[in-house]
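*Asks:* Have a look at the structure that comes next, please.
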Amino acid sequence: MAYPMQLGFQDATSPIMEELLHFHDHTLMIVLLISSLVLYIISLMLTTKLTHTSTMDAQEVETIWTILPAIILILIALPSLRILYMMDEINNPSLTVKTMGHQWYWSYEYTDYEDLSFDSYMIPTSELKPGELRLLEVDNRVVLPMEMTIRMLVSSEDVLHSWAVPSLGLKTDAIPGRLNQTTLMSTRPGLYYGQCSEICGSNHSFMPIVLEMVPLKYFEKWSASML
């Protein structure tokens, strides 16, 4: 989860988030090299006497500054497209969970079970126990099995919302009348926090998301106790 004064991303907990972190580092390195080159050219212009100011044609230079940016854009676009296709790919999910956004809470339905659904409200600050996180704790966590492909169906019953869990690399818009889907897979157990990431009204900041990733046998016990 995030902590105060954090500058980087949260620790990756899914293969998709790991890919996003690698892409971020890759793109940042390209931006750093371009920025260094621009600063170097500016420093040369400021510290040396300008020459060839009357040049009307420089075919080689024009060729270079046309081809080089094209190559840089390709180096950025290819890994980006690869990750986009990976995020849209859904193959034989082990579990499907439908989440609906409301003003201002989330409801969840495990569609593989006959009657397993619940609402998830934020716990007010006055009711928090020692060690719990302000504006992030909920009364009903979303319990899911780790190391399994899970499909999330996301929609809304009123206004636009967005279901987002940063450490898993997830952000899916909840649109009334439309069913969006995404996949997630956690590589380790734990609690993973998120929030609504689309301004949806006065209590937009009070729609936390808590995923509890557990081994399969514990998930089976939990699901049996909820039925």
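The count begins at 1 with the first shown residue.
Note that Cβ sites are derived from N, Cα and C of the backbone, with glycine treated the same way.
Residues or ranges marked as topological domain 'Mitochondrial intermembrane' in Swiss-Prot (evidence: similarity to another entry): 1-14, 88-227. Residues annotated as transmembrane segment in Swiss-Prot, with similarity to another entry given as evidence: 15-45, 60-87. Swiss-Prot lists 46-59 with the feature topological domain 'Mitochondrial matrix'. Residues annotated as Cu cation A1 binding site in Swiss-Prot, with similarity to another entry given as evidence: His161, Cys196, Cys200, Met207. According to Swiss-Prot, the Cu cation A2 binding site annotation covers Cys196, Glu198, Cys200, His204. Residues or ranges marked as Mg(2+) binding site by Swiss-Prot: Glu198. As annotated by Swiss-Prot, phosphotyrosine applies to Tyr218, with the evidence given as similarity to another entry.
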*Asks:* Need the DSSP three-state call for Cys200 (Cu cation A1 binding site) to compare against my parser.
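*Replies:* Its secondary structure by DSSP: coil.
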*Asks:* Checking distant contacts: for the topological domain 'Mitochondrial intermembrane' (1-14), what same-chain residues at least six beyond its ends satisfy Cβ-Cβ under 8 A?
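*Replies:* Here the qualifying positions are 20-21, 24, 133, 136, 166-169, 184-188, 190-193, 213.
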*Asks:* Any idea what the Cα distance is from His161 (Cu cation A1 binding site) over to the residue listed as 'phosphotyrosine', rounded to a whole Å?
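*Replies:* Rounded to a whole number, the Cα-Cα distance is 31 Å.
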*Asks:* Is the transmembrane segment (60-87) packed against any residues at least 6 beyond its ends, judged by a Cβ distance under 8 Å, and which are they?
*Replies:* 16, 19-20, 22-23, 26-27, 30, 34, 169, 182-183
*Asks:* Residue counts in helix (H, G, I), strand (E, B) and coil for the topological domain 'Mitochondrial intermembrane' (1-14), per DSSP?
*Replies:* 0 helix, 0 strand, 14 coil
*Asks:* Limited to the topological domain 'Mitochondrial matrix' (46-59), I'd like the whole-number average of pLDDT.
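*Replies:* Looking only at the topological domain 'Mitochondrial matrix' (46-59), pLDDT averages out to 72.
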*Asks:* Quick check for the class: what is the C-alpha distance, in angstrom and rounded, between His204 (Cu cation A2 binding site) and Cys196 (Cu cation A1 binding site)?
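*Replies:* That comes out at 7 Å between the alpha carbons.
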*Asks:* What other residues of this chain sit with their CB within 8 A of the center of the CB atoms of Cys196, Glu198, Cys200, His204, the recorded Cu cation A2 site?
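*Replies:* Here the non-site neighbours turn out to be Gly101, Trp104, Val159, Leu160, His161, Ser162, Ser197, Ile199, Gly201, Met207.
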